[in-house]
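Summarising the annotation, TrEMBL assigns domain 'Histone acetyl transferase HAT1 N-terminal' to 15-175. Positions annotated as site 'Interaction with histone H4 N-terminus' by TrEMBL: W187. What TrEMBL lists as active site, proton donor/acceptor is E264. If you look up TrEMBL, you'll see 274-325 marked as domain 'Histone acetyltransferase type B catalytic subunit C-terminal'.
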Amino acid sequence: MAGISLMKNKLEAYKCYANEALHFKLVRHESDLEDDRTTFHPDMTHQLFGDQESIFGYKDLEIQLYYSAAKLTTYLHIKYFDKVSPKRFEGVSADDVIKILAKEMPPGYYTNLDNFVAALPKDANFKPFGDLLHSYTVYKDGKDRKFEIYKISIDCPGFRDYHERLQTFLLFFVDAASFIDVDDDKWSFYLVFEKYRDNGNRMYAIVGYMTVYNYYAYPEKVRPRVSQVLIMPPFQRQGHGAQLLQTFYNECYKRNDILDITVEDPSENFQRLRDFVDAKNCSKLESFQPRHLHNGFSDEMMKEAQEKLKLSRKQARRVYEILRFKVTDPSNIKQYRKYRLDIKKRLNLPFQKNGRDFQKLQRALHPDELNATLSCMSIEQRHCYLEKAFEEHVEMCRHVIERLAESVD
Ligand SMILES: CC(=O)SCCNC(=O)CCNC(=O)[C@H](O)C(C)(C)COP(=O)(O)OP(=O)(O)OC[C@H]1O[C@@H](n2cnc3c(N)ncnc32)[C@H](O)[C@@H]1OP(=O)(O)O
């Protein structure tokens, strides 16, 4: 018995947290390889290393997954202080980390650092694919840095292979992400690059990207769905996500065939970004002017938000609630009470037996399941739920309004 637990303890020391072990870099210069400031770690690794996000069999494991900043030429290597071997550990062997990662990587990555370094100068030949839609600057590290957003279709020569390398990042940063079938011509791609000069050369470095699937909407419309969005960690929280989304929107506004825009399973961070961009745009519409906001969400608002900004009904209503909160005076008891009641009424809809949400629930569940779902919440619990949901709603509104106040234009 003592022997088993001794062995267990010994093996425990060879377990490591995959999110810390994995080191990413977007390499511009050879010197970046030795510079810890250019390293970033994944947000998640459960798709590769299981729910525990752990790797077994190594001490001080470091997985180096480096990409050249423009072409995304890739280098994969692992180093460690010690590794479990069946001979020393009674038949137990270490996880085959390289094999697990290699399954997700397109072929052609380097495993030899000298070869990777020798390939870095080729980044100077890189030019972004597709059509330039938008340029902007961001003031960072004491200077104005230039950025460009391109729209690309999969037929663009060389892009298919490039996208294969780019999408590997999704596994580590977008929850439940899966690789898309690029042969389906309904996909559009939007890529952000930083444009800079280095030794007299015009250089580009990847910043992030977004994929959009153009669904058909009866009878002759298109309903684009934002599917995957990723701004690389070194560029997050600098406004690139908002620039990317707005650039895509600007393209949609011009098109009469677009019914509205939807988003596939938005993460909390992305929903916040979307709320900010949509609220900023809606606040410029006539029907969303403060004098109209206290009287409820109107058909005019819905129509204007859909026709001019291509917002779905649900998102237009959400933005309405945010903008109404902005003009609601919390010290005006009557006004604030009216706001709270309106929001709670909406939050209560799923519990109303003739409501659409209830009908959806009714269709989805067996009668026994439906009864169980409804009866498991007493009136008191429901009030408690509504109060909590209202507080969360207020928190969400405040956050968006703060960003609106900070944003220029
Ligand atoms: C449909 C889907 O794909 S859902 C999945 C979305 N993708 C992910 O979650 C992957 C990982 N995350 C990301 O890729 C990115 O963080 C995104 C896409 C969610 C957001 O992109 P970003 O470029 O970081 O967005 P942006 O910079 O415009 O805004 C993000 C935050 O930075 C803040 N910010 C923007 N500029 C600045 C600045 N100059 N200084 C400080 N903060 C700033 C914003 O206020 C915002 O704050 P909040 O999140 O607290 O509201």
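Glycine residues also receive a Cβ, built from the backbone N, Cα and C atoms like all the rest.
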Review point. Hey, how far is the residue listed as 'active site, proton donor/acceptor' from W187 (site 'Interaction with histone H4 N-terminus'), Cα to Cα, in Å?
Key: 14
Review point. Mean pLDDT, the domain 'Histone acetyltransferase type B catalytic subunit C-terminal' (274-325)?
Key: 97
Point to revise | Tally of DSSP helical, extended and coil residues in the domain 'Histone acetyltransferase type B catalytic subunit C-terminal' (274-325) | key: 40 helix, 1 strand, 11 coil
Revision key, fill the gap. Fewest neighbouring Cβ atoms within 10 Å among the recorded positions W187, E264 goes to E264
